[in-house]
Amino acid sequence: MGRRFRGESHHKVDSKGRVSIPASFRRVLEASDPNWQPGDAPELVIVYGDHRRQYLECYTMEAIEEVDAKIAALPRGSKGRKILERIFNGQSLPTTVDETGRLVLPAKLRQKIDLDKEAFFIASGDTFQIWKPETYEEVEMAEAEKLMDELPDDFDPLEFLDGAGGA
């Protein structure tokens, strides 16, 4: 298992769609890009295809290669493979981080999540998500709070790891 993204942060988006990536996220992108060398721009893939999702999912090169290998293992022509190829190959954007640590988000991607002047980044293990801050608060935080409220007050989240194989 490689390095993981951790944390959350807000960043300004300029009129050209440029947004700074959290510095710690850049280190993970570098470490998870097998072709990266000091002085190079780390690569990543932004997946935007699922119309139900209100965020952009950003994959390290190692993470997307793992997904690609699993897709390739599915029977050619199967419904699952067709859907996954459309989302992860057709409706994704291979890109790089520029020399100042920014991503350029094309208008199409900004429009998909209604992103304007500010972006919210949140880690998700070997991926990270980019949200419109208000959407994250309304949708994701509300859902997380609802799920937590269903658990007993003394619940330890690490209990979810019991029986997770080697944990």
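Positions of Cβ are set from backbone N, Cα and C atoms, glycine also.
Among the features that Swiss-Prot reports, domain 'SpoVT-AbrB 1' is placed at 8-51, with the record citing sequence analysis. Each residue of the domain 'SpoVT-AbrB 1' (8-51) gets a DSSP state, and the totals for helix, strand and coil are 9 helix, 14 strand, 21 coil.
Here Swiss-Prot flags 92-135 as domain 'SpoVT-AbrB 2'. Mean per-residue pLDDT, taken over the domain 'SpoVT-AbrB 2' (92-135), amounts to 96.
The DSSP breakdown of the domain 'SpoVT-AbrB 2' (92-135), given as helix, strand and coil counts, is 9 helix, 21 strand, 14 coil.
For the domain 'SpoVT-AbrB 1' (8-51), the residues of the chain that approach it from at least six positions outside its boundaries are 2, 57-64, 86-88, 90-110, 112, 115-123, 126, 128, 130, 133, judged by C-beta separation under 8 angstroms.
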